[in-house]
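Asks: Annotations per TrEMBL:
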BINDING   A:Asp54, A:Asp104, A:Asp248  Mg(2+) 3 binding site
BINDING   A:Asp54, A:Ser68, A:Asp104  Mg(2+) 4 binding site
BINDING   A:Asp70, A:Asp155  Mg(2+) 1 binding site
BINDING   A:Asp70, A:Asp104  Mg(2+) 2 binding site
BINDING   A:Asp77, A:Glu302, A:Trp345  substrate binding site
BINDING   A:Gly154, A:Asp155, A:Arg180, A:Ser250  ATP binding site
BINDING   A:Asp251  Mg(2+) 5 binding site
DOMAIN    A:52-170  domain 'PurM-like N-terminal'
DOMAIN    A:184-279  domain 'PurM-like C-terminal'
2 protein chains.
Amino acid sequence: MASSSMGADTGSVLEQVADGLTVAELDERGLLQRIFPRLGGAPAAAVPVGPGDDAAVVAAPDGRTALSIDTLVQDQDFRLLWPAGYRTTGFDVGWKCAAQNLSDINAMGAEATSLVVSLTLPGSTAVAWVEDLADGLRAALAGLGAPRCAVVGGDLGGGPALVVTAAVTGDLGGRAPVLRSGARAGDLLAVTGSPGRAAAGLALLESRHPYEELPAALQELVAAQSRPTPPLALGPLAAQAGAHAMMDVSDGLVRDAGRLARASQVAIELDPQALLPFARPLAGAATLTGADPLAWVLAGGEDHGLLAAFGPRTVPPAGFTVVGRVSDGAGQVTVGGAEPGAVGWDHFAG
Amino acid sequence: MASSSMGADTGSVLEQVADGLTVAELDERGLLQRIFPRLGGAPAAAVPVGPGDDAAVVAAPDGRTALSIDTLVQDQDFRLLWPAGYRTTGFDVGWKCAAQNLSDINAMGAEATSLVVSLTLPGSTAVAWVEDLADGLRAALAGLGAPRCAVVGGDLGGGPALVVTAAVTGDLGGRAPVLRSGARAGDLLAVTGSPGRAAAGLALLESRHPYEELPAALQELVAAQSRPTPPLALGPLAAQAGAHAMMDVSDGLVRDAGRLARASQVAIELDPQALLPFARPLAGAATLTGADPLAWVLAGGEDHGLLAAFGPRTVPPAGFTVVGRVSDGAGQVTVGGAEPGAVGWDHFAG
């Protein structure tokens, strides 16, 4: 299992709502009646059949649908109570569940059209926490810019830990999907956003520095971890601009670049001078936690930005930063000509 | 939570393979490399992009896709070791995961086109168990008759218990989806298969009568529980025959008939004489476990047959048995004119 195990539970949802109703006190129908009104309606043309039947029916206007699935597990992907004292809200988990699924559709150059969500809930889970999760799902769809996407169905059940799985569909708008395998020697490699912020936020959450006392700029890094913001406009724009290859950066720049390089059978050279501007704003968090900010940029996951290869004469859409080049090879990734493992902040910042 | 809690874990996957490799000893890539070859390929026309990218791309030839999600949780939906000594195999869980998802698509009158599967696995899970799960998924697609459907992607992660979630897409073939809400006064109500068999199998698994010593006919009831067989040809056939309403019987005939009655704003009258032929073959299991076979027929879930309403002049397709009538009402279900709770085997068998 690649996901980092975070050991034993450090909090319980029950603690968060001292005297609230728990899901054990409601049946499935009662819980659904509390969740669905919070999710908002779906556009009738895009969703001919919404929640409440055996399956939903979603429009797929170009005769294809993109499809992905992603899961968040308590104490694997989030803690309910972090060492820094931050309590993960249902809203956070709902937002993150939507964001990471929408990001997978974005990375194909598609627009998300629907989510189905399966919740596995310990009986002690506060109903208010689940309602907050529904609010987070809806807020992410609106806030990230997925106006065509709605939650069209789901599944509820009990279990020993919170497990939130969503599957997402997407519309390619008649375009070819942008795969990981299309990068060619000579391409420019570009990323969106500022990689490493979510990893800095994770380090702050795992530290003993109280979250409440962090300056606003560092609390924003925590938000990058707990409520990531994939750039949903940029996937379709990159596809329209002719991106040769694209993927979601969920497991770190070097690791995901390696996947793109192997899928395309090319080599990727990352330019450390292009990455330093991402590392510098992380210096405060790095000092506080004793970390290397360039390591966050190179290896930190969960930002859910895009990594894309464009032809050498293509100007990437605004929002992309060129960070490297593609050359002939067989899946190698180097940073300034060196193995990524040998690269640290000290090499470039000093 | 409606699902029956089954208390503490009564077995561990590790026990099942005394000296095998566990998933904690492999990274995600290594585990995927063992799973994907076992799933078989997908038809290229139906699945333009299969596993390995951020999302799959699936054909949706009529411009719509049906979509559903369903989850199995260890110790909620299955025990790894049952009181009767039966060990649930990975193959069982893979089969059941596929079957219950395919059944939801069948209930819309659609044909399944793809599955995406998310596995949450304790680190102690034997790799061989996960390979067996992959074999069960593939065998169910072939054995249940879903030739257009393939596993096109997935997600892997760690967690405290086995959680297997799949989302499924389906093709309506240009037809209107058959909803729960279309039943009308005067319709005939019909079911497929023989309701109650999976519930009888569950009772045998929960009993102390050793599984290995059960006669073949009773072991077949256990198989109805552990490897259900939704009638995938009959959903589209019922749609073509003009079924007014349809759903999957997953939570018991009376309970699911109540959902259909409420969605359609009608009353449903079940005919006990039509149900008795389903109860009689369960008499042996009922005697062994001290249960009421008609209660299994009326309230037992997980058979994953279909419940459908047809116009009074429609001959339901072969495989359906008429078991009741639809009349004016507001969601009531009666059995021989009585409240279902008052109905028992003794009333009719004596």
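Each residue, glycine too, has its Cβ placed from N, Cα and C.
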Asks: How many whole Å apart are the CA atoms of A:Asp248 (Mg(2+) 3 binding site) and A:Glu302 (substrate binding site)?
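Replies: Between the alpha carbons of A:Asp248 (Mg(2+) 3 binding site) and A:Glu302 (substrate binding site) there are 9 Å.
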Asks: Rounded to a whole angstrom, what is the C-alpha distance between A:Ser250 (ATP binding site) and A:Glu302 (substrate binding site)?
Replies: 4
Asks: How big is the Cα-to-Cα gap, in Å, between A:Asp54 (Mg(2+) 3 binding site) and A:Asp70 (Mg(2+) 1 binding site)?
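Replies: Each residue's Cα considered, A:Asp54 (Mg(2+) 3 binding site) and A:Asp70 (Mg(2+) 1 binding site) end up 21 Å apart.
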Asks: Just give me the nearest neighbour of A:Arg180 (ATP binding site) among the binding-site residues A:Asp70, A:Asp77, A:Asp104, A:Glu302, Cα to Cα.
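Replies: For A:Arg180 (ATP binding site), the closest Cα among A:Asp70, A:Asp77, A:Asp104, A:Glu302 is found at A:Asp104.
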Asks: Could you check the binding-site residues A:Ser68, A:Asp70, A:Glu302 and tell me which sit with their Cβ under 8 Å of a chain B Cβ?
Replies: A:Ser68, A:Asp70
Asks: Can you tell me how many other Cβ atoms are located within 10 Å of the Cβ belonging to A:Glu302 (substrate binding site)?
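Replies: So the number of other Cβ atoms within 10 Å of A:Glu302 (substrate binding site) is 22.
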Asks: Using all protein chains shown, find which of the binding-site residues A:Asp54, A:Asp104 scores highest when you count other CB atoms within 10 A of its CB.
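Replies: Ranked by Cβ atoms within 10 Å, first place goes to A:Asp104.
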Asks: Any idea what the Cα distance is from A:Gly154 (ATP binding site) over to A:Glu302 (substrate binding site), rounded to a whole Å?
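Replies: With the alpha carbons as reference points, the distance is 24 Å.
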Asks: Looking at the binding-site residues A:Ser68, A:Asp70, A:Asp155, A:Glu302, which ones sit with their CA no more than 10 Å from the CA of A:Asp251 (Mg(2+) 5 binding site)?
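Replies: Matched binding-site residues: A:Glu302, sequence order.
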Asks: Near A:Asp104 (Mg(2+) 3 binding site), which of the binding-site residues A:Asp70, A:Asp77, A:Asp155, A:Glu302 can be found within 10 Å, Cα to Cα?
Replies: A:Asp70
